[in-house]
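If you look up TrEMBL, you'll see 12-34, 59-77, 89-111, 123-141, 162-183, 195-214, 256-278, 290-309, 321-340, 346-367, 379-398, 410-427 marked as transmembrane segment.
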Amino acid sequence: MGKKKVQNLHPARWPFFYGYVVAFMGTIGIWASVPGQTIGVSAFTDPVKDALGLTRDQFSAAYMVGTFVSSLLLGKAGRWFDRRGAREVGVISAFLLATTLILSSFSNVISSGIVTVTGFHHWLVPFAVMVVLFFMLRFSGQGVLTMASRNMIMKWFDHYRGRINAFVSISISLGFSSSPLVFDMLIRQWDWAGAWRFLALAIVVIAVFMWITYRDNPEQYGLVPDGKSGSKKAARKPRPEMKQFEPKEAFSTRAFWMYSMMLSFNSFFITGLSFHMVDIFTSAGLDREEAVAVFLPISIINVGVSLLFNFLSDMMPLKKLLFVMIGGAFIWVIGMVGLFDGWGLWLVIAGAGISGGLFAVLNSVTWPNLYGRKHLGAISGRAMAMLVFASALAPFLFSLSKSFFNSYTSMGWLGIGFVIIVFIGSLKANNPQKS
């Protein structure tokens, strides 16, 4: 009986295309990474720093260092994904994330224990503890678990890749946007340590289902992307056979760097905006409640743009989508410059919504569409490392802007310069499949 049940889990034996199971469970896997994402960490910032006796600047610096170190290893994690597959990499990273959350829930105890043993009473002790924990948290959560789950979904679809990513992106957006409320409820119910332990348990349960359902390439099970025989439209108009780029080949193309730089821009600015959200918008004349509410219209625009352009990504060149994202980013940073003069708020909202919506599209479909699926882990891993590195710098650089210039306007000017450079560089960022 047990053997029969195992056989029934074989992807080819399902009554419908197993890629839909992959898309559903991959989305759950990305949801499970939320405690390692910036939006998940921010909910715990105040209670954890207070328990450890760290200032906000010290806690932010620990976050930056830990995130930076994690970005250095994501390229290797991508190659690990190519060798071992989504199932093994995803499950191991989920268990590592759960273990990290358990350790983080005892961070004040660990810090106090080190002080007792060494007799070294200094803020560097809890700082060092949090650097290590942030490294593990960001590497396993934002990095590997997210990458493995997203890449797995993209491998199971070809002609329908954008359309599937539309629904995945909306689900992820809704899950991520609701997580601060859920985490705050858990913290009020069980304190910050209890909340992290509850989340660790939930991730362990999810990891078990990941082991049961995660599968790597459809070809291993006698299937092809999009279904057993692909779509009827695809059968009539098959795509030319794709070149499977080696990582070194991909990294030598202009397209890789332009797309990666634009995605990193979004990662940098949305992290900085999120981390200093209240201070940025209250400095611009909003009260605290209005500042927090700014992300609601951004999310609405984000979801609408993501839904539209995910569908269009199956039918139009990605380069056009890249330029739409660049346009949204330019509106965003122009708004940052005018935010503190009273005219930039809605430009920030519109620009962040457009850029964020295109980020959800291009961060998923770009790498398999331009470079093939064979080395997807190594190629997307390098891009992910750049994104994580950018997110590591953002809180600190935004803070420096406020300290030196008493406003965040300088970040807007920095962004304008960066977007112009990417725009010029992207003019010749053509699809390497057609080169």
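Here the Cβ of each residue, glycine as well, is placed from N, Cα and C on the backbone.
TrEMBL entries are annotated by machine, without manual review.
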Stretch-level contact, the transmembrane segment (195-214) and the transmembrane segment (123-141), CB cutoff 8 A, at least 3 pairs: no
Same-chain residue ranges lying at least 6 outside the transmembrane segment (89-111) that approach it to Cβ under 8 Å: 29, 32-33, 35-36, 48, 51-52, 77, 80-81, 125-126, 129-130, 133, 136-137, 139-141, 143-145, 148-149, 152, 192-194, 196-197, 199-201, 203-204, 206-207, 210-211, 214, 377
Contact between the transmembrane segment (346-367) and the transmembrane segment (290-309) (at least 3 Cβ pairs under 8 Å, separation 6+): yes
Stretch-level contact, the transmembrane segment (256-278) and the transmembrane segment (162-183), CB cutoff 8 A, at least 3 pairs: no
Contact between the transmembrane segment (162-183) and the transmembrane segment (290-309) (3 or more Cβ pairs under 8 Å, separation 6+): yes
Most Cβ pairs under 8 Å with the transmembrane segment (321-340), selected from 59-77, 290-309, 379-398, 410-427: 410-427
Intrachain neighbours beyond the transmembrane segment (379-398), with Cβ under 8 angstroms and 6 or more residues off its ends: 38, 60-61, 63-65, 67-68, 70-79, 81, 138, 142-143, 146-147, 150-151, 245, 247, 250-251, 256, 259-261, 263-265, 267-269, 271-272, 275-276, 280, 363, 367, 371, 408, 411
